[in-house]
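Record features, source TrEMBL:
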REGION    1-33  region 'Disordered'
BINDING   109, 172, 174, 175, 325  Mg(2+) binding site
Ligand SMILES: Nc1ncnc2c1ncn2[C@@H]1O[C@H](COP(=O)(O)OS(=O)(=O)O)[C@@H](OP(=O)(O)O)[C@H]1O
Ligand SMILES: [Mg+2]
Ligand SMILES: [Mg+2]
Ligand SMILES: [Mg+2]
């Protein structure tokens, strides 16, 4: 659900870099919003835009030699590192608040360890080249060239442990790496924590269609892709086309209050969420539409504009969620009027460091459906536990 002419548009007008290539268009004369995070939002949008340009360039030329294996066996590309280097570099150089404070803290997914080895040198050289090409192509940062050491230092700007006090940026340089490698959906996801609370969130979703991806969305012949979502505490969520072809619009979660009509979204990868459990929750709720399965925090963006009404994410036993997989997405939803909570109905707690401690999983929906969805989740979990108990006692 999108809505023009709102106060948040003013915030975006302020927030978008004056001559950024990926800026939004229009909104002259709209008064600025009173968001106290407008400087942070502005620099976050600038950083995500720049990193998204690098990701787009790499995805276009994705070669198998640009993937390597990490200990967790997930594919890591030069784009993960390049994106993290650029976001860190932009924030450290451009954030007025961090510069004034003389301190910078970022909790980010990647680190430079593998790149500091002899084997990592060719990849480091490729990343450094890409970073410099992206800065030069953007053209808004002046003549500047980063060395390999600058790139390593920028990547390691993301090594903060986070925590309950102070300001911490939270970055997933490419969320949905598998989607990225597949040529599908991914997001550059940047949040800002203040005393453990998410106060700013920006999602760059370079492959997300501008038109609704929901089953109930209006039919559109527009095939354009590339959406940015930006939210700050108390100032709402806006979206705009990353190429500037569409003006910024405020977005709101769906108002659907009958769960029968509530389309839900979940991970593309079955290994990332228990699709048996989510199918059961959907059955209890009477949801008839098939799930929308897309990679990454693009799900939060799509939901914030009403494409889906419920997001269900239930990792397999033993998996611990990381804060960078949800910080930006969660404020994009809550500032669009939605709610994000765990299976106990508690809001997510980003104050505990790099991990989120959760009851079972993550749920997002609108306020009308929160109680019904939570009840369905709890019923489905109980049913599942009873089945497991029955199975283990039949083996005795
Ligand atoms: N086993 C398991 N269970 C749950 N989640 C996992 C698991 N393994 C990885 N991850 C994290 O999932 C992030 C990708 O997000 P999604 O699950 O929304 O995308 S996808 O649809 O599955 O591609 C992905 O983020 P990126 O690593 O940034 O791609 C991971 O942090
Ligand atoms: Mg990863
Ligand atoms: Mg991720
Ligand atoms: Mg990632």
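Note: Cβ is positioned from N, Cα and C throughout, glycine not excepted.
Where the annotation comes from TrEMBL, it is an automatic prediction and has not been curated.
On the structure: features taken from TrEMBL.
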residue: 109; record: Mg(2+) binding site; contacts (Cβ under 8 Å, 6+ apart): 80, 84, 158, 171, 172, 173, 322, 324
residue: 174; record: Mg(2+) binding site; contacts (Cβ under 8 Å, 6+ apart): 55, 77, 79, 80, 83, 180, 186, 187, 188
residue: 175; record: Mg(2+) binding site; contacts (Cβ under 8 Å, 6+ apart): 186, 187, 188, 189, 295, 296, 297, 324, 325
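Only 172, 175, 325, in sequence order, out of the binding-site residues 172, 174, 175, 325 have a CB under 6 Å from ligand 3. Annotation: 172 carries the greatest number of neighbouring Cβ atoms among the binding-site residues 172, 325 [cut-off 10 Å, Cβ to Cβ]. Summary of the Mg(2+) site environment: with the site residues 109, 172, 174, 175, 325 set aside, the chain residues having Cβ atoms within 8 Å of the Cβ mean position are 171, 173, 176, 177, 187, 189, 296, 297, 322, 324.
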